[in-house]
Amino acid sequence: MKIDGTHYRSIWRDGDGTVKIIDQRWLPHELRIVSLESRTAFADAIRDMWVRGAPLIGATAAYGVAVQMVADPSDDALTETWRVLHETRPTAINLRWALDEMDRLLRPLPLEARAGAAFARAAEICDEDVETNRRIGQHGLEIIRAIAAKKGGGRVNVLTHCNAGWLATVDWGTATSPIYHAAEAGIDVHVFVDETRPRNQGAQLTAWEMNHHGVSHDLIVDNAGGHLMQHGEVDLCIVGTDRTTAQGDVCNKIGTYLKALAAQANGVPFYVALPSPTIDWTVTDGVREIPIEERAQDEVTRVQGRLPDGKIGWVQISPDGTPARNPAFDVTPAALVTGLITERGVAQASAAGLAALFPEKA
Ligand SMILES: CSC[C@H]1O[C@H](OP(=O)(O)O)[C@H](O)[C@@H]1O
């Protein structure tokens with residue numbers, strides 16, 4: 001995506017051969033680019049959310065394997081890298097998908113061929129993600145265009161949760177791709193950006209993206225969405241996903257389920273932007289089977305931002321020693337999902353719906 005005239009992806013291999021990322025912990029206040037040069041650095045970057053978002057986590061892990069193959073291409077190193085990177089975050093299926101992809105590709109190869117093949121595959125995974133998200137945008141654009149037509153060309157108000165933007169992927173984003181495509185098609189689109197506690201990916205990242213892309217938006221507290229829907233101010237919701245089951249149950253950032261309940265209660269279409277690597281074909285019951293990451297309590301008891309001295313830091317918002325729970329995701333049952341916007345088109349949130357678009361998986 002273009003930032004001040006420069007085109008960025010959220011991860012790339014630089015001309016000097018190093019892998020660069022945008023360290024998202026410092027956005028929106030500072031755009032910090034860092035190199036990841038060891039398996040440990042890649043693991044830290046995923047675990048501590050320097051990069052986040054299911055597709056980007058997968059792409060980062062793929063490059064993490066490639067960097068490790070330079071250091072040590074042995075079978076043991078390949079196995080240990082799978083383990084070290086896989087244990088960083090348990091919920092986004094793209095992490096396991098990418099690690100399995102790399103392992104399947106590399107293990108049959110001679111050691112001396114592994115690093116080159118790994119970097120080539122990691123680059124392909126990035127390019128595939130960009131194309132997948134572009135197609136999601138095209139399919140999602142038609143949904144927004146139809147709503148605009150029903151409103152006589154009036155403004156289409158979209159609510160989104162967390163950041164499923166280009167910062168959560170390699171480019172375009174998933175939930176934001178239809179929004180960007182609609183804006184570029186000249187449709188009057190407005191976005192309600194859920195701040196998304198506790199890590200505020202909406203306030204810090206989606207608002208930053210909307211600003212830079214010139215998309216009209218309002219930042220809202222997470223608890224305002226139901227009220228806006230009740231008052232007819234939301235035409236549709238589009239969110240991302242970290243893992244969607246073959247039956248269409250959608251695991252996404254904590255709070256998504258509540259938005260889906262409010263959407264159903266108010267007759268607001270609730271769409272999920274779903275790149276196919278995010279489908280876990282092995283899971284049937286999302287609510288009971290998808291592992292939900294529990295993150296540190298201090299993400300709840302503190303909030304990060306720019307301090308009075310201009311530095312970026314954390315402010316405690318609750319009494320010392322306040323205990324907290326911090327489940328990072330929840331699961332929205334398929335029955336609450338209007339449609340799954342995939343790179344192959346819009347599917348019903350059901351086994352039949354996904355099988356119709358992905359017959360090879362059925
Ligand atoms: C396009 S996937 C984005 C997805 O990932 C986010 O989680 P996190 O920021 O913790 O990695 C959130 O669930 C987004 O919807």
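Keep in mind that glycine also has a Cβ here, set from the backbone N, Cα and C atoms.
For Gly53 (substrate binding site), the same-chain residues that are 6 or more apart in sequence and have a Cβ closer than 8 Å to its Cβ are Ser10, Ala92, Asn163, Ala164, Gly165, Leu167, Ala168, Thr169, Gly240. Annotation source TrEMBL lists substrate binding site at Arg52, Gly53, Ala54, Arg89, Gln201, Asn252, Lys253.
If you look up TrEMBL, you'll see Cys162 marked as site 'Transition state stabilizer'. Counting every protein chain shown, the Cβ of Cys162 (site 'Transition state stabilizer') has 30 other Cβ atoms within 10 Å.
Long-range Cβ proximity for Asp242 (active site, proton donor), meaning a same-chain Cβ under 8 A and a gap of 6 or more residues, is found for Ala54, Thr91, Ala92, Ile93, Asn94, Cys251, Asn252, Lys253, Thr278, Phe329. Per TrEMBL, active site, proton donor is recorded for Asp242.
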Inter-residue Cα distance where the pair is Cys162 (site 'Transition state stabilizer') and Arg52 (substrate binding site), in Å: 11
Rounded Cα-Cα span from Cys162 (site 'Transition state stabilizer') to Gln201 (substrate binding site), Å: 5
Residues satisfying Cβ distance under 8 Å from Arg89 (substrate binding site), sequence separation of at least 6: Ile46, Arg47, Ile57, Leu95, Glu293
